[in-house]
């Protein structure tokens, strides 16, 4: 039994970067992977069906099993293929699409409570936490900024605004 202990040690060395630098590095890799995946046209039909389903019914998507069923794949196979083809796990994709749709609805003048309900958030505080984390602004700030007609704003997470 004691002879097995050395084999249980991690084989990789932990990063020597301070925690904030590691977090930025992880975010940068995720952002790059997302940007590349967003423009890929070589997504298989089952995965595209799941993406289309999310686009149309983002407020109704509740489980990974539901998406796997739409794609016609097992849960495990679907999750692996989705991540490989799209560049992010299925639930991360659903959360991102949900947040983007919520932001668009807020910019069009909908109330935060209506937006939370329409996009599948459990409640308004959940919407607020997610938007603050993703876009650095609360639903009220997003709405006020849209009402003020500030067309020149640039969101860090909005690739079109950064590129344009």
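Each residue, glycine too, has its Cβ placed from N, Cα and C.
Nobody curates TrEMBL annotations by hand; they come from automatic prediction.
Small disclaimer: the values here were computed from a predicted structure and weren't measured.
If you check TrEMBL, you get these features:
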COMPBIAS  10-22  compositional bias 'Basic residues'
COMPBIAS  126-136  compositional bias 'Basic and acidic residues'
COMPBIAS  144-157  compositional bias 'Basic and acidic residues'
DOMAIN    48-145  domain 'HTH araC/xylS-type'
REGION    1-22  region 'Disordered'
REGION    121-164  region 'Disordered'
Write out how many residues of the compositional bias 'Basic and acidic residues' (126-136) are helix, how many strand and how many coil, based on DSSP.
10 helix, 0 strand, 1 coil
Over the domain 'HTH araC/xylS-type' (48-145), what does the predicted model average in pLDDT?
95
When DSSP states are grouped into helix, strand and coil, how many residues of the domain 'HTH araC/xylS-type' (48-145) land in each?
75 helix, 0 strand, 23 coil
